Amino acid sequence: MTTPHGLLQYSSGAFSDQVPADDSAEEHGVKDHAMLAPFTAAWQTAISPPLVIERSEGCYVYDVNGTKYLDALAGLLSTALGGSEPRLVKAATEQLNKLPFYHSFWNHTTRPSLDLAKELISMFTAREMGKVFFTNSGSEANDSQVKIVWYYNNALGRPKKKNIISRTQSYHGTTFISASLSGLPTLHQDFDLPGRFVLHTDCPHYWRFHLPGETEEEFATRLADNLENLILKQGPETIAAFIAEPVIGAGGVILPPKTYFEKIQAVVKKYDILFIVDEVITGFGRLGTMFGSDLYNIKPDLVSLAKALSSAYAPIGAILVSPEISDVIHSHSNKLGTFAHGFTYSGHPVSCAVALEALKIYRERDIPGHVTHVAQRFQEGIKAFAAGSPIVGETRGVGLLIATEFTDNKSPYELFPFEWGVGEIFGQECKKRGMMVKVLGNLIAMSPPLIITREEIDKLVSIYGEALKATEERVAELKSKKN
């Protein structure tokens, strides 16, 4: 759904394009199933059983009926190495046979967790990092970031320095803290969120929010000034951290305008505010660099990782902590007797073994280099179809990440009625042709596995073009009915 101000919201899809349940739903045991499904409305389950994916192979997935789909969203922007990488399966199997689980509490741990922490510190080169804390997801990583920041400021005798600044349209997860950080109203509605410790500043979407005649650099300057004014209004002594994705991902694939991060970093540094970079989507090659911080010259104090960390073969997330922060945490834990934060599965040996092998593959195969090699074909192919479409307002992307936003007359302000479900229509047209995309209201996003070939990109682009034409025809019908 798109609000009058253009803020993207998660939606359950168009009512008119759901496929009614059939006999196969009973056969496969999915009709009236027992799951409380994430980001799914009850009516969807009632009229349409879930699409059950049974197996994967490379960039493709297969449902229980044997239908093959090109997975143009890599699971949820996560299966970077595709769905059948034998080295990851082998790493998991060997670790399961050797040591399926042991914890990392009370000065105990396992070899895979130690090795993975060392490898992550080595791999992240945007600035020096000191320690790694393991979680099970990106949501947990961002949730833990806030606790670490609070702990750090308490240790320094700054109990008032607790508020976190995030951005509208951002997505940082769905736990209490990470959903509060997220700038999407749907994640807050009737969950009594966001928490009072979160402040939201401007979304850096130039196309939608720039003033008439304003250049990208001028837009970035205005947003940096707005951030500084927010800090001064609240009091710099109350602001602990600023969190941002290098490219806003699940909130609509929003790229930073020119000079944005240069100016934002100058502001937060001026007021002794920590910079948390959320690399959950952009980490490990998605943008054509190993990390988004490399592409946009971000020098963070803390980094959140997940998704491609294990190519989603096993649940795992991580936080990279700067030496300055980790030194304070160590000193304060000595004073208190412990650093009392962690999860049963922090540093799970199987997840760490899989992630360690994934990192080796990223380096050995130069996955960021491959992304750079094929990204132009991907970006230009999609944009060529979108440029001539009367229903596409903007197509934006970098590397193997792209979004198409549907608006009328190519205007950011002439929005299609939500009930038309234009994005969902496009998504269904893709699915009919054997391709999965991510639908977010009147926007669709694509983020294929990073191993995608030029031939597979050509197929993806071809399906995109066919689906776009079919969607244009459907929108024309809806317009004629409206008139």
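Glycine is no exception: its Cβ is also placed from the backbone N, Cα and C atoms.
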Statement: Note: Swiss-Prot has G138, S139 binding pyridoxal 5'-phosphate, and from D278, D294, D301 that site also includes D278
Query: Cα of D278 (pyridoxal 5'-phosphate binding site) to Cα of Y171 (substrate binding site): how many Å, rounded?
result: 9
Task: Within 10 Å of each Cβ, count the other Cβ atoms, then let me know which of the binding-site residues G138, S139, Y171, D278, K307 comes out lowest.
output: S139
Task: Reduce the DSSP letter at Y171 (substrate binding site) to three states and note it down.
output: coil
Query: What's the CA-CA gap between G138 (pyridoxal 5'-phosphate binding site) and Y171 (substrate binding site) in angstrom, rounded?
result: 10
Task: Between K307 (substrate binding site) and S139 (pyridoxal 5'-phosphate binding site), find the distance joining the two CA atoms and give it rounded to the nearest Å.
output: 11
